Amino acid sequence: MGTETTENREVIQPFSINVPEEALADLRRRLAQARLPDRETVDDFSQGVPLKTIEQVLHYWNTSYDWRKVEARLNAVPNFITEIDGLDIHFLHARSKHENALPLIVTHGWPGSVVEQLKIIDPLTDPTAHGGSPADAFHVGGDWGALVTDQIGVQAPKELLGIHTNMPGAIPEDINLASLSGASAPSLLSAEERSSYDQLVFFYKNVYYAFWMGTRPQTMAGFADSPIGLATFLLDHDARSLELIARSFDGQAEGLSPTDILDNVTLFWLTNTAVSAGRLYWENKLPFFTPKGVKVPVAVSVFPDELYQTPRTWAEKAYTHLVHYNKVEKGGHFAAWEQPEILTKELRDGSRSLRK
């Protein structure tokens, strides 16, 4: 998949991506021989990814998609690899040309990858070319990312100025427990809080993939053998994202194109990481959405199609040093991927008070 420059795997070393042509030929062969199921018995998304969408994904992947284009985009950014606790850790590190640029760690979740962050690298590192000023510049290094970011905030190393999240760990414990069980909403919730509670109940009822990966990740072994099986599973993360993706393959792209989507799926396929990525759910023992005790400055951006919209009241209780809170007009779970311009502006606005 890639090349390293030294045999000492515990040092940070440059890395380049170069997928063998045989791997791409094997992918095309498997796609050509794909066997699909019969059609769903409903006219909505309640049974999962519709057969029509699966057929569209298969056709585009097999006839129009070009992995080499995203491979070139990835290699255009400095790539690095190292080994931590026996695991290979790959990351991108793009330095800004502007003096006093602020270092920024960008974390992604599941089923995302570094691919979903590519659109925000240039605007963050070179703001003058994208409607910003040198004072907005970042050095950029790059779902679960939100949980990781919260934990960085809990550890609060002295170099850390603050964190920015678009999926906050801010649900009060009693509300989280009630929504997880599907119980009636606690009393005295505001209209905004009640709406968020209902969103959580809906999400927890449909979070099948997390229960599967959290209990039997190795049973996903079939995804290492079937690219269309892998794609179907990755597309069905949450209701709004699935509908967005289905519209994209139906010719109604809204932030994500078919190529965007298949860049990410193909990365999973070529690296054979479906099972290893899912294992994170099995290993995690922490509640996902509840407060973690972050004390550093926090900026929160709320996207309307996220799994739940965090009320300001919850954010203020969870993050005692809230420096920025804003509800944006569009975007969902994959904010950097779907709405890079909006997220870039939010990152700039959220960090300004920390630069003084």
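Glycine too: its Cβ is placed from the backbone N, Cα and C atoms.
Per TrEMBL, the features are as follows:
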DOMAIN    12-116  domain 'Epoxide hydrolase N-terminal'
ACT_SITE  Asp143  active site, nucleophile
ACT_SITE  Tyr281  active site, proton donor
ACT_SITE  His333  active site, proton acceptor
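Broken down by DSSP into helix, strand and coil, the domain 'Epoxide hydrolase N-terminal' (12-116) contains 37 helix, 23 strand, 45 coil.
The Cβ of His333 (active site, proton acceptor) has 20 other Cβ atoms within 10 Å, all protein chains considered. Less than 8 angstroms from the CB of Tyr281 (active site, proton donor) sit Trp110, Ala210, Met213, Gly214, Pro217, each of them six or more residues away in the same chain. Within the model, the domain 'Epoxide hydrolase N-terminal' (12-116) shows a mean pLDDT value of 95, rounded to a whole number.
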